[in-house]
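Undergrad: I am attaching a structure below and will ask some questions about it afterwards.
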Amino acid sequence: MQTLYLVGLLLVGVIAANIVKQFMPRIPDAFIFIGMGLLLSFTPIFHNFELEPEFFMLVIIAPLMFVDGQRQSFEKIRQKFGVIFMLSVVLIVATVLIVGLLTNFVETNWTLPLAIALVAIVTPTDAVAVKSITGGTNGAMPSGVGDALELESLFNDATGLVMLDLALSVLEKGSFSLASGLQHFAFVAIGGVLIGIGLGLLIVSLRVWLNVHATNPETTIIPISLLTPFAVYLIAEFFGVSGILAVVASGIVHNWESVRLRLTSTQVQLTSTTIWNTITNILNSIVFMILGLSLPVVWSDFVDMGGIDSLQLIGLSVLIYAAMLAVRYVWALREDNPSVRSLLGSSEQVRHERYARIFAFGGIHGTMTLAMAFSLPRVISRHAFPHREELIIVATMVILISMVVSALVLPRLMPENTTGYTDDDLAHVRNKMVDYATLQVRPHIDDHDVREALTTQLQTQKGWVERPVIDNDFQQLLDGTKDYIRTYVHSDEVDANYGPMVVDIYDKILNNWNSQFKNKHTLKHEMHVLKKQYKHAKWHVKHGVVTPRQRERSREQFKASKTPEEWAQWKDTRTAVTNLNTEVMAHVDVFLDNTLRERLGEHQSQNSYIYAVRQAVNDYLTRVSHDYNRETIKVDSDLYIQAFQFEYNFVQQASSQLPHSMVSTLYSEINQAQTLQLQQLEQLEELNTENEKLALERG
């Protein structure tokens, strides 16, 4: 039960942090999640929280690395193998040796293997932290540098773990053999990759077979996908090889599967992608929260060190970070490997030096470093592990220093984002796209109710509309629509088709439509509405007109009170008023469509108030017609397909003027909206079919 509470509280923290970050867009997401973790550390369930490395590696890191592997194609890995080896092996080993020797020279109380162990812990980088810290800035991460950081973080965790394992082995045995060290490294790394590939091929073959033969493949394939990283990691660790590399290799094999399937089993692929994206976002958030949860324990150990020792650890942390930064910068600046040049540029290019600096400061360290620090044994060779608390404190400080420095420096180093877009830019284009499609599809629909139902559904693509922004425009257009209706009702066209009595009755209807939409959010208006509804209900109760049977009896009594001539005249007048009301609704539709068309011609995208007026007018005029039909309006799927096709056309026509990434986002939104809408229509048709069957059985 405690585990359930722990997971539930973490999820609540993720939700709360995601809400908070909407109000703090300038603060990097990583710091918000760390802060939320720090707050949760004061709850009883997380009191004295200490990271469990085995749990963290299996439950958090394994699925994240599996997804990262799925995003890398086999062809890309093959082409970039040279740069991967340089980044994940050569650079890591060089950093560990150089900074380890420096640390051992400065901290004379530490042995060289202990210094090497510390640097092996703090060397792995976190590309997710880089994206989190730079995501809210106006700068754009150069694609080559971004690829280098991503490929580095994908494989350097395993290298760091192997280097740490070697250092601990030397500490335990008191001796080091280069040959055995290289042999161990090759066994762990190559063995992990081979097991990952083998298990990946086996699982992929099973998934492909299920795709072809299973009736509902998603019910089996998706659970298999969710269990894959855990199974691969545990099996690899059982054989003593790198579980991280095995999971990454398995993910790359699964990427190969998706390429093979292409447009087959689209339902399985789309559902699986959606689920994994959600899980990845949650786990990435939890990673930073775990760092915040661990800070109080580390801080307590830091305070216990005393003033002088604490200052020494701070200085050592700054020195280690600066040394790693220098090694990364010099390596990126001087490395002449063709694979590296393809990402960071050649030394002859002006941008090369800037890219080298971005790469250096992009080496942010994350919770993986903290997990490796907490994985240090408390006892080694039957003695307490030397300086374990100091190593954990330094590792934590290096993490925080790398995050803070990168958050301050990277936005100033990155080139200005000229190809990207903001959320406001996307909303501007999306709104115009929806309005364009609405205007294009409405003339093809004769039925008013169907036309308005489709319009309402399309408008939901715009998302939430801030009511205070549209109040003034809403009221002005509503008043203008009333004036337009009055002008039409008193036009020669109406006078030629309807008598003065019908026009007078309709005038009274319009006069009753006074100020019900003004000051709609005031307490006075709410009280007025309640009072009016109370009087309306009181009249119905007093006259016994509540149930459908009572209303029918009231109509019969009213009819009986009239002579045949009076009843015929009343029916004719009512029919004429209803017909006039229908004509008014049609003219209002044209008037509001033209208003929307003019706004789009002026490149205005804040047009939701037009839809709000349309809805308000339709609601009122529908009540005038006494159309109280509560049945759900059925909109044919072909109409939705037409509307979405118009949206595609809009994006295609505007694509030359929009960022490519925005075009892709809009296409994706249209695809998702179309898929969701068709699914809902299928469910509605199934429900109607079941209701018809039940009706036949009862009949």
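Numbers run from 1 along the shown chain.
Cβ coordinates come from backbone N, Cα and C, glycine included.
Residues or ranges marked as transmembrane segment by TrEMBL: 6-23, 30-49, 83-106, 112-130, 185-210, 230-253, 274-299, 311-331, 358-380, 392-410. Taken from TrEMBL, the feature domain 'Cation/H+ exchanger transmembrane' covers 11-413. The feature coiled coil is assigned by TrEMBL to 670-697.
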Undergrad: Counting Cβ pairs under 8 Å that sit 6 or more residues apart, are there three or more between the transmembrane segment (30-49) and the transmembrane segment (83-106)?
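TA: Touching, no - the transmembrane segment (30-49) and the transmembrane segment (83-106) miss the threshold of 3 or more Cβ pairs under 8 Å.
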Undergrad: Between the transmembrane segment (112-130) and the transmembrane segment (83-106), are there three or more C-beta pairs closer than 8 Å, counting only pairs 6 or more apart along the chain?
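TA: In this chain the transmembrane segment (112-130) contacts the transmembrane segment (83-106) - 3 or more Cβ pairs sit under 8 Å.
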Undergrad: For the transmembrane segment (83-106), give me same-chain residues lying six or more residues beyond its boundaries with a C-beta closer than 8 angstroms to one of its C-beta atoms, as numbers and ranges.
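TA: For the transmembrane segment (83-106), the sequence-distant neighbours (Cβ-Cβ under 8 Å, at least 6 residues beyond its ends) are 77, 112, 114-116, 118-120, 123-124, 148, 151-152, 154-156, 158-160, 163, 316, 319-320, 323-324, 327-328, 331, 335, 337, 339-340, 342-343.
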Undergrad: Let me spell it out: take the transmembrane segment (311-331), skip the flanking residues so only those 6+ beyond its ends count, and list any with a Cβ under 8 Å from a Cβ in it.
TA: 91, 94-95, 98-99, 102-103, 106-107, 118-119, 122-123, 302, 305, 356-357, 359-361, 363, 390, 393-394, 397-398, 401-402, 405
Undergrad: Give the nonlocal contacts of the transmembrane segment (185-210) in its own chain as ranges (CB under 8 Å, at least six residues past its ends).
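TA: Tertiary neighbours of the transmembrane segment (185-210) are 158-159, 162, 165-166, 217, 220-221, 224-225, 228, 231-232, 235-236, 239-254, 256-257, 260-261.
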Undergrad: When you scan the chain for residues with a C-beta under 8 Å from the transmembrane segment (6-23), skipping those not six or more beyond its ends, what do you find?
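TA: Cβ under 8 Å, 6 or more out: 29, 32-33, 35-37, 39-40, 43, 45-46, 282, 285-286, 289.
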Undergrad: Do any residues, 6 or more residues outside the transmembrane segment (274-299), come within under 8 Å Cβ-to-Cβ of it, and if so which ones?
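TA: Distal contacts: 10-11, 13-14, 17-18, 29-30, 33-42, 46, 48-51, 56, 60, 63-64, 67, 70, 128-129, 132, 222, 225-226, 366-367, 370, 374, 392-393, 396, 399.
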Undergrad: Averaged over the whole of the coiled coil (670-697), what is the pLDDT?
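TA: On average, pLDDT over the coiled coil (670-697) sits at 71.
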